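These come from TrEMBL:
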type: BINDING; residues: B:THR157, B:LYS183, B:THR194, B:GLU280, B:ASN402, B:THR407; note: substrate binding site
type: ACT_SITE; residues: B:THR194; note: active site, nucleophile
There are 2 protein chains.
Amino acid sequence: MNTNQFQVIKDARIDAPKGFYATGVHCGIKRKRKDLGMITCTVPAQAAAVYTTNAFRAAPLKVTEESMEKEGILQAVLVNSGNANACTGKKGLADAYQMRADMATQLRVPDHYVGVCSTGIIGESLPMDRIQSGIHELGLQHKQKTKNEDFAEAILTTDTLVKKVQVELSIDDQHIKISGVAKGSGMINPNMATMLGFITSDIKIESVVLQSLLWKATEETFNMITVDGDSSTNDTVIAMASGLANNTSLTPQHKDWHLFVDAFTYVCRELAKKIARDGEGASRLIVATVRNAHSLLMARQISKAIISSNLVKTAIFGADANWGRIMCAIGYGDKNVVPDRVEIKIGDIPLVKEGQPLPFIKKQVAHLLTQETIPIDVDLHLGKEQATAWGCDLTYEYIKINANYRT
Amino acid sequence: MNTNQFQVIKDARIDAPKGFYATGVHCGIKRKRKDLGMITCTVPAQAAAVYTTNAFRAAPLKVTEESMEKEGILQAVLVNSGNANACTGKKGLADAYQMRADMATQLRVPDHYVGVCSTGIIGESLPMDRIQSGIHELGLQHKQKTKNEDFAEAILTTDTLVKKVQVELSIDDQHIKISGVAKGSGMINPNMATMLGFITSDIKIESVVLQSLLWKATEETFNMITVDGDSSTNDTVIAMASGLANNTSLTPQHKDWHLFVDAFTYVCRELAKKIARDGEGASRLIVATVRNAHSLLMARQISKAIISSNLVKTAIFGADANWGRIMCAIGYGDKNVVPDRVEIKIGDIPLVKEGQPLPFIKKQVAHLLTQETIPIDVDLHLGKEQATAWGCDLTYEYIKINANYRT
């Protein structure tokens with residue numbers, strides 16, 4: 001393995017890094033599909049977490065945050081799908097604590113070594129009897145070391161695909177694995193777009209270092225995707241590092257720090273892209289890159305304005321090279337844009353230069369717009385900062401999924 | 001007429017206030033429909049204007065702003081539809097100046113007494129020969145005092161309806177009229193949602209006073225509507241006051257100041273609502289009112305978050321009382337919301353109290369949700385401020401209109 005690079009592993013498994021075990025079961029929150037999963041570690045893992053900025057944080061987020069605050073360590077994460085345990089008041093909070101306690105008992109670890117996540121319907125209490133028997137089953141599987149790959153499946157809601165990424169790299173001559181699993185913005189009846197992400201690694205790293213890395217990576221990846229602009233009550237990303245790879249503890253001073261950061265960020269970015277591509281009703285991934293902005297904030301705001309614009313999203317659905325709608329989004333994305341300098345390309349085809357339309361070969365663009373991935377490239381010619389955001393098109397199917405449900 | 005009230009006039013005419021004349025013609029920018037209109041005043045009118053916050057301001061906005069900056073006076077506004085004269089570079093700016101000069105010549109007024117507005121396709125140069133012959137025709141009609149009501153029609157793009165409002169009131173025993181016309185967020189191929197608004201009155205008021213009033217009213221009305229969240233390059237609202245009603249010049253110290261403010265704001269609000277209701281593909285008007293917020297900003301942010309949410313908009317289209325999506329929008333609308341205090345009603349039916357769902361009579365709500373107007377009422381129980389925002393549902397028709405065009 002080239003020590004300056006990381007390798008992408010085709011068959012990703014969240015339990016691939018040393019020390020991790022993961023599984024999933026059907027406990028009966030959903031009718032048929034798996035709905036309860038856990039990731040555990042043979043040792044207390046250094047952990048980090050980021051949560052939704054929505055003012056209505058669901059109960060499990062509060063419980064996980066409490067766990068994390070004690071020592072920055074997690075040894076297990078328990079996740080249910082089908083019910084978000086959000087807007088459920090005191091009972092919801094008690095239920096989240098109960099889930100944590102039951103899982104801790106099964107694994108014989110302190111309560112605060114367990115994190116809990118929920119995703120699904122909001123405003124309904126969890127069916128605690130089913131969840132408790134599910135946790136019991138997870139405990140049994142854990143004892144028997146039953147191997148399966150059901151965790152990635154057990155956390156899904158209306159996602160159409162399992163989302164997994166794994167990379168490997170070498171640090172201090174040690175073989176390091178980083179693996180990630182996510183669920184995306186599938187709408188759950190009667191609610192709501194939630195994204196969950198879980199990253200495991202056998203890297204040796206302190207919780208506080210991992211936390212700063214996770215924040216930075218989230219800024220560039222999970223926070224740069226949009227399906228419909230709505231941030232949910234349950235969004236959570238958790239990272240756990242077992243330390244079993246036995247490298248010298250990783251810090252920003254370590255010679256391979258940047259390699260690890262790149263690899264870790266790659267995992268986050270690929271998960272984020274999979275979430276965007278699998279947005280409700282989406283038929284295409286939109287990748288908007290804004291170059292040469294005054295600031296990183298400016299680049300991020302404008303790239304997010306582009307992928308969030310319903311007008312751009314419908315134009316892409318209609319395979320229409322509608323540069324005017326992109327211009328419009330750029331213009332309200334940041335007030336300091338200088339119109340006469342703006343360049344827009346779709347793929348390699350220039351559509352706008354110095355703020356004015358260019359003649360373009362319609363057939364070529366039309367062909368580009370039928371592809372799976374639509375790259376929109378904006379050059380502001382102002383500064384040196386750059387950002388990329390990922391989104392999806394807005395389709396009849398989106399309306400169908402979101403309008404045809406009755407609460 | 002009750003002096004403490006204003007009367008709403010059924011057959012609104014933008015030329016009803018003393019001194020005004022308005023007309024419209026077909027000059028050939030569009031294939032068949034009227035596409036060039038003007039409002040003139042027999043005397044130089046005290047004027048005020050607000051413009052889009054989009055960084056890409058179209059050429060006509062720059063020219064109108066220049067006119068206004070000189071004396072705060074306008075004697076005519078010339079508006080074309082079918083072409084926005086945006087992203088058209090130096091030629092576009094020269095064309096906008098030319099339109100202004102030609103109109104001024106026809107009316108024998110100084111150039112800077114004329115404002116110009118354009119709405120329609122962006123990135124294409126105006127067909128100046130057609131526009132110039134159209135201006136000539138407008139000049140002829142003006143000389144002959146040909147009365148018609150074509151101005152409101154001439155400014156439309158994909159709007160399905162003409163939008164007009166008129167009120168009358170008495171100030172200093174003088175009969176005062178305020179009339180307004182607007183065009184809304186119809187998408188124009190290949191672009192873009194533009195709103196234009198024009199308000200005329202025979203009130204005597206100084207430009208600077210009218211300007212501050214227009215800003216305040218715009219904040220509460222035009223800035224509180226959303227069709228798809230995209231602010232355009234051409235959005236403009238212009239107010240003109242002829243002063244011919246001969247009241248004592250209106251200032252905030254005048255005993256009837258608040259009456260006039262209410263009447264003026266009413267005109268803006270009704271135009272704004274008409275724009276929201278006639279949003280592309282819209283089948284319903286959504287009215288989101290947020291009460292008892294800490295601040296006006298908080299109330300405005302949250303009410304706008306609700307009407308801007310694709311999830312809320314699709315739920316309303318699906319006649320679904322999806323309180324969870326409303327909660328979600330409240331939660332990301334402002335971080336200082338206290339979840340346990342939130343109350344949500346649709347019409348008079350309470351759906352959420354203290355942040356948790358209530359049992360509600362599904363049939364009753366379902367009936368409410370088939371109405372033309374859907375009132376969403378949120379009480380934050382935090383402070384005393386209140387705001388209302390207006391939007392529309394998100395429908396298959398919206399996707400159809402915006403995806404089926406080829407640039």
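Cβ atoms are placed via backbone N, Cα and C, with glycine included.
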Binding-site residues near chain A, Cβ-Cβ under 8 Å, from B:THR157, B:LYS183, B:THR194, B:ASN402: B:ASN402
Those binding-site residues listed as B:THR157, B:THR194, and which of them has the most Cβ atoms within 10 Å of its own Cβ: B:THR194
B:LYS183 (substrate binding site): tally of other CB atoms within 10 A of its CB: 29
Number of Cβ atoms other than its own within 10 Å, given for B:ASN402 (substrate binding site): 26
B:ASN402 (substrate binding site) - helix vs strand vs coil (DSSP): helix
Cβ atoms near B:GLU280 (substrate binding site) (within 10 Å, other residues, all chains): 26
B:THR157 (substrate binding site) - helix vs strand vs coil (DSSP): coil
